[in-house]
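What Swiss-Prot annotates here:
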{"type": "SIGNAL", "residues": "1-15", "note": "signal peptide"}
{"type": "TOPO_DOM", "residues": "17-26", "note": "topological domain 'Periplasmic'"}
{"type": "TRANSMEM", "residues": "27-47", "note": "transmembrane segment"}
{"type": "TOPO_DOM", "residues": "48-56", "note": "topological domain 'Cytoplasmic'"}
{"type": "TRANSMEM", "residues": "57-77", "note": "transmembrane segment"}
{"type": "TOPO_DOM", "residues": "78-378", "note": "topological domain 'Periplasmic'"}
Amino acid sequence: MDLLIILTYVAFAWAMFKIFKIPVNKWTIPTAALGGIFIVSGLILLMNYNHPYTFKAQKAVISIPVVPQVTGVVIEVTDKKNTLIKKGEVLFRLDPTRYQARVDRLMADIVTAEHKQRALGAELDEMAANTQQAKATRDKFAKEYQRYARGSQAKVNPFSERDIDVARQNYLAQEASVKSSAAEQKQIQSQLDSLVLGEHSQIASLKAQLAEAKYNLEQTIVRAPSDGYVTQVLIRPGTYAASLPLRPVMVFIPDQKRQIVAQFRQNSLLRLAPGDDAEVVFNALPGKVFSGKLAAISPAVPGGAYQSTGTLQTLNTAPGSDGVIATIELDEHTDLSALPDGIYAQVAVYSDHFSHVSVMRKVLLRMTSWVHYLYLDH
């Protein structure tokens, strides 16, 4: 573009010399040359500042590391690699034997606990009857003892001391039997009354364990979290998959709006605003330009991010970490769907300032796109 401007200026200057018959000497030639330098430099500087450009851009995509929630041996793996998978389709299965066994055992334990609860109810009824019988016997012995006690207070005692003592001991023994029976009845009642949300505590605990066991059993089938695709499926039946977040067994790429993430110079920040028009060219699609909008600007610069490490931090001066990150959303285009995620691109953003200069940036961007045809492998 700068060469085109220079050639245009040279043609314009030559025409001016011819039309106005300006003499060619040591003053007019340097003046025309300096004028061209100032004009071309001014236009390029205006274009660079008001219509930012960067070659550090990429078709970004968010991936989901697939980590099983349970541990086990892989018995089945999907054969849909790099093809669209619907949400809920099976990615792979783990051996469910031990998880199914735990579910079956807990279901049996719940049946046993429910039977035990019913047995406790019957035992409570039996114990209540025993308590009533013990009370009746106690009342009988109490009356007999009172009769012996009243006889002992008469002038002529018809009972011996041994008979009175035996009646007293029978009454006290039966009173203890009543208390023991009542205590056992109360203990059984307390077991029946230990409720959690209206359900017996032991049964509620077993049902909670059963719900967890069923969840773990369901997790032996790993499904697609959304529409998308998997690539580089490296697991095979027989692989031991562990529930470790730092060791995913598969990477899932969800179906999402395709965005371009670009890194601009900090000098361009004042000319980057959400909603500005943008154009993108890809190395993989020479000669084609795609339009879009500047969607967002990251509120943080990567080079300024720090984490606590227990040591004093220094300034991060690593190359490439000082740029402003911006997101560009592209308009719908059939060619974009065929592009693999992660490919590189070049981006130009057109601000409202000095909009007439943006034509220079557009021409340069298209020239860059055509240059992508030229490469040499050797």
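Note: Cβ is positioned from N, Cα and C throughout, glycine not excepted.
Per-residue pLDDT, averaged over the topological domain 'Cytoplasmic' (48-56), rounds to 91. Under DSSP, the residues of the topological domain 'Periplasmic' (17-26) split into helix, strand and coil as follows: 3 helix, 0 strand, 7 coil. Sequence-distant contacts of the transmembrane segment (27-47) (same chain, six or more residues past either end, CB-CB distance under 8 Å): 2, 5-6, 9-10, 13, 17, 354, 357-358, 360-361. Counting only same-chain residues 6+ beyond the ends of the topological domain 'Periplasmic' (17-26), those with a CB under 8 A from a CB of the stretch are 32.
Through the fold, the topological domain 'Cytoplasmic' (48-56) approaches residues 262-265, 267-268, 271-272, 320, 323, 346-351, 353-354, 357-358, 360-361, 364-365 of its own chain, all at least 6 residues removed from its boundaries and within a Cβ separation under 8 Å. Shown for the topological domain 'Cytoplasmic' (48-56): DSSP residue counts in helix, strand and coil, namely 3 helix, 4 strand, 2 coil.
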